[in-house]
Amino acid sequence: MVKKVLLINGPNLNLLGTREPEKYGTTSLKDIEQAGRDQADSKKDGSELQVFQSNTEGFIVDRIHKAKQDGVGFIVINAGAYTHTSVAIRDALLGTAIPFIEVHITNVHQREPFRHQSYLSDKAVAVVCGLGVYGYTASIEYALNY
């Protein structure tokens, strides 16, 4: 079982709770992160959830690289808009060879056509989308038991 899971959130996800609540709900990113930490702590086996958010692509790439050094065993990533544009994030994930789940709050396939393309999905262990913030809970649970 994985002991260290890294939750990465990309651009604009720091605005959760106030950004387009009709699409993304009213739960803040801080609340999602705390719920995930509590979820890991409840395992009572030393499991740990590390969290990271950045609006900057290069900082996300750097954090993925650091995850390998930190002994992270699984990544849960909502790359936000970078999902549809970032070869750099894809290559960082592949370069570290850390298994990952791609998560999205909304069902990206019910949205604009440009959101239907993901640079991550074909390499992800799983893709979770459209479950609201519960998608994080499900993804973290899977990662902790991987």
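From the backbone N, Cα and C atoms, a Cβ is placed for every residue, glycine too.
Taken from Swiss-Prot, the feature site 'Transition state stabilizer' covers Arg19, and the record attributes it to sequence analysis. Here Swiss-Prot flags Tyr24 as active site, proton acceptor, drawing on sequence analysis. The annotation substrate binding site is assigned in Swiss-Prot to Asn78, His84, Asp91, Ile105, Thr106, Arg115. The active site, proton donor annotation in Swiss-Prot covers His104 and is backed by sequence analysis.
Cα to Cα, Asp91 (substrate binding site) and Arg19 (site 'Transition state stabilizer') are separated by 29 Å.
Close to Tyr24 (active site, proton acceptor), meaning Cα to Cα within 10 A, are the following binding-site residues out of Asn78, His84, Ile105, Thr106, Arg115: Ile105, Thr106. Ile105 (substrate binding site) sits 12 Å from Arg19 (site 'Transition state stabilizer'), taking the C-alpha atoms as the reference points. Annotation: no recorded positions among Arg19, His84, Arg115 have CA atoms within 10 angstroms of the CA of His104 (active site, proton donor). Counting every protein chain shown, the number of other Cβ atoms lying within 10 Å of the Cβ of Thr106 (substrate binding site) is 17.
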